[in-house]
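First the structure, in the form of structure tokens, and then the observations on it.
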Amino acid sequence: MVAKPRSRCCCCSVFIGVIILIAIIIAVIFTIRHRSNHSDDDGSNVKNYANALKIAMQFFDIQKSGKLENNEISWRGDSGLKDGSEASIDLSKGLYDAGDHMKFGFPMAFTATVLSWSILEYGDQMASLNLLDHAKDSLKWTTDFLINAHPSPNVLYIQVGDPVTDHKCWDRPETMTRKRTLTKIDTKTPGTEVAAETAAAMAAASLVFKESDTKYSSTLLKHAKQLFDFADNNRGSYSVNIPEVQSYYNSTGYGDELLWAASWLYHATEDQTYLDFVSENGEEFGNFGSPSWFSWDNKLPGTHILLSRLTFFKKGLSGSKGLQGFKETAEAVMCGLIPSSPTATSSRTDGGLIWVSEWNALQHPVSSAFLATLYSDYMLTSGVKELSCSDQSFKPSDLRKFARSQADYMLGKNPEKMSYLVGYGEKYPEFVHHRGASIPADATTGCKDGFKWLNSDEPNPNVAYGALVGGPFLNDTFIDARNNSMQNEPSTYNSALVVGLLSSLVTTSSSVESF
């Protein structure tokens, strides 16, 4: 009479055990699938991103001026060897800006700042692909120029060449013979934004070389401090004081560069003075609550992200009132990028690309994607699980998914089925607006007769590997024509942003907590 209930209990226990076992198995399968799906989203393209990164790095070599060392670009040679001679300084190094032979200090300094940031955040990823030394070499080639362009505390040479004269020619840099005039800023003709951006570049680069070359790092930091003081104590826009630059790299203001430079100097020195500057000038220059687009002209989004980094990792600053506006605006920038966010920007093509400007359209989606991966990695590394966007919450993986979508579009997942990174994939631009790439290396072509190569119907004889062209129109279309400089001209600052983005995507998400 007693055995039956016991038998029922045993059966029930076995039954419950089986149910639990099945539940565990289902949970394990779900977890594996979930991880697998995440891996498919974030990992299946890692090899593609790595290959693209290797290609992207080559464009810095293509753009080098000066006496080339260990040159692996067969169609490039020494050029610009006398640059700076009229001021008795050596400005032979540096990078040509785009498809021409100009050296514009403002975007070149931005290139150096972004490349430094990329190395600081993702140097380990670069090293795993044997690209770190290459990146540091490209950076030093640029900062060597910037150091020489700053011969005294309140003087900075910001341009080599006259763009009007330069654009009347279509020739190889190795064969140009025209006079290379210099443009400078000083206390009589200030240019706060250029001086401050160059200070940011020097400060960021000083961190890159802090361990490998302490003497060079110290030199960079000395110049950074001097340039920041020069910029702050002699405020004035270079676009106003030198109107000729307005047709090329016109600045919309210098407040963002001052905050950007002070932020980098704080990271490089931990001198409270620079953090105080940021806190005291944030209301005036920070444009709090108004998300904007990171570019060679607008450093605010980058500043917001860089300063929010301190709230993630710096003890005692997580609740800093002086950084609150920067952190909140950084969050607003991120919320605007996630497509399903209630505050998502509508500035996108039907193909899903962030689209802000017809000229150099890819700069903004690539820069936005780079910032998104940075912020995602800051969240993951610090254990912050959610980003609040109005009444909805998003995960770091949502930011990373957005970043991948922009990278994938750039690399060929777009309506044109074209890679906009030259040399990557089966289809990419063949008529890039780039003088050196368009003229055979053995051609004896001068200034004027070189235009036959601009107007040639034949693809470029030299492939400008790693060049990121301007990109598509709002309707996702692209015209691969050499005279289409709006869509088909590359630039060095685009390359710095691409290197940062791709470096962040070649491995699992993580971030160093301090530089």
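Glycine residues also receive a Cβ, built from the backbone N, Cα and C atoms like all the rest.
Annotation comment: Swiss-Prot describes Asp100 as active site, nucleophile. All protein chains considered, the CB of Asp100 (active site, nucleophile) has 22 other CB atoms within 10 Å.
Residues or ranges marked as active site by Swiss-Prot on the basis of sequence analysis: His433 (among others). Around the Cβ of His433 (active site), the number of neighbouring Cβ atoms within 10 Å comes to 26. In the three-state DSSP scheme, His433 (active site) is classed as coil.
According to Swiss-Prot, the active site annotation covers Asp480 (among others). Classification of Asp480 (active site) by DSSP places it in coil, neither helical nor stranded.
Under the DSSP three-state reduction, Glu489 (active site) is assigned to coil, being neither helix nor strand. Residues near Glu489 (active site) in space but far in sequence (CB under 8 A, at least 6 apart, same chain), listed by position: Ala98, Gly99, Asn360, Val432, His433, His434, Val469, Gly470. Here Swiss-Prot flags Glu489 (among others) as active site, drawing on sequence analysis.
Swiss-Prot lists Asn37 (among others) with the feature N-linked glycosylation site.
Take the CB of Asn250 (N-linked glycosylation site) and look out to 10 A: across all protein chains shown you find 14 other CB atoms. Marked as N-linked glycosylation site by Swiss-Prot on the basis of sequence analysis: Asn250 (among others).
Taken from Swiss-Prot, the feature N-linked glycosylation site applies to Asn475 (among others). Residue environment of Asn475 (N-linked glycosylation site) contains 11 other Cβ atoms, counted within 10 Å of its Cβ in all protein chains. In the three-state DSSP scheme, Asn475 (N-linked glycosylation site) is classed as coil.
Neighbours of Asn483 (N-linked glycosylation site), defined as other CB atoms within 10 A of its CB across all chains, total 11. Marked as N-linked glycosylation site by Swiss-Prot: Asn483 (among others).
The signal peptide feature in Swiss-Prot is assigned to 1-31; the stated evidence is sequence analysis.
Separation of the C-alpha atoms of Asn475 (N-linked glycosylation site) and Asn250 (N-linked glycosylation site): 27 Å, rounded to the nearest whole number. Using a 10 Å Cβ-Cβ cutoff, Asp480 (active site) registers 17 neighbours. For Asp100 (active site, nucleophile), the spatially nearest entry among the recorded positions Asn250, Asp480, Asn483 is Asn483, judged by CA separation.
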